[in-house]
Amino acid sequence: MRWGLLQDGESPSDDGSQNNETVTVGDELVPERVEEMIPGMVPDELGELLLVLVILAIGWYLSKVIVRVVGRTVAQRIERPSVTRTVLRAVRAAVLFFTLLIVASIIFDGFELLLSVTVISAIVGVILAPLVGSFVNGLFVLADRPYEIGDMIEIVDADQRGFVEDITIRYTKIFTLDNTFIVIPNSSIRERDVVNFSAEDERTRETVQFEVTYESDVSRARQLAERAARNVDDVISGGPDIRIGSARYPAAPKCYVDEYADSGVLLTLRVWVKHPYKLLAARSAIQERIRTRYADEGIEIAYPHTHHVFDETSGAAQVTVASGSSPDSRSANSDDEN
């Protein structure tokens, strides 16, 4: 490309050849393309960067749209919320993964080498092995269905109760009754004893034990205990029997004579509580009402104590006290005699 001014009568190409790279504007020659006017103004790297950003934005938006579109259909066909969330997360992860593959193919010229069998094996062996193990445990948790999102469960060895907030492939998140979160890996929770209070029915049975003295009216004590429990709001006061497996239990509170203990008659009161997280509150209210009713009726709650009883078979202690003498003087006289 030529730069400069044309002389009078000079044509753009005196040698008869055509120069398509220049145009004449007045007396000057101007480049036809911007890249030739300012070399390096739009480098190839900047173009690739813009393309990568556009692809990432499209992939991110597309993953959200796909999840939104198929989410309702998946939720209708899969009744379990935990499985639905896992499927939708897998769909979005797949879209983002293919987006990253496209971006990597643009950035790296040797991308085929990166995807070679040796490199992939090393990545799986060193980095992905724990993730694969957690993934497998997560599948077992989802398949076994020991609990579901929204269920109240108890981790026995940790003495923690709470509601299942989320179930993923890697972990289970529990919102405890103490207003805290517990995140337990699925590989760990599968090896623990888990009590599910909401598997099929939230109604949970609670047992309250107490003793009354042998002198008390046991039948009356049982009636008062049942009546006290029925007046607690969180306790089921009656209705159809509650079925557990092939067994049926009365829904109303029921008090039984458990055993004759050392200090009194042991009574066992069994009640059904409407919600599992109300167990402690219901138990406390029941015991307060029982104590009040027993006090009004003159029924004594037994407690460990000892009575010393002497009768004709116990023998008699011979004690002789001389008149006009005190124990101290008798002790002094005894010492003098010795």
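Keep in mind that glycine also has a Cβ here, set from the backbone N, Cα and C atoms.
As recorded in TrEMBL, the features of this protein are as follows:
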- 1-25: region 'Disordered' (REGION)
- 14-23: compositional bias 'Polar residues' (COMPBIAS)
- 49-70: transmembrane segment (TRANSMEM)
- 90-108: transmembrane segment (TRANSMEM)
- 114-142: transmembrane segment (TRANSMEM)
- 207-301: domain 'Mechanosensitive ion channel MscS C-terminal' (DOMAIN)
Long-range Cβ neighbours of the transmembrane segment (49-70) (under 8 Å; 6 or more residues past either end): 88, 91-92, 95-96, 98-100, 102-103, 106-107
DSSP tally for the domain 'Mechanosensitive ion channel MscS C-terminal' (207-301), helix/strand/coil in that order, comes to 35 helix, 30 strand, 30 coil
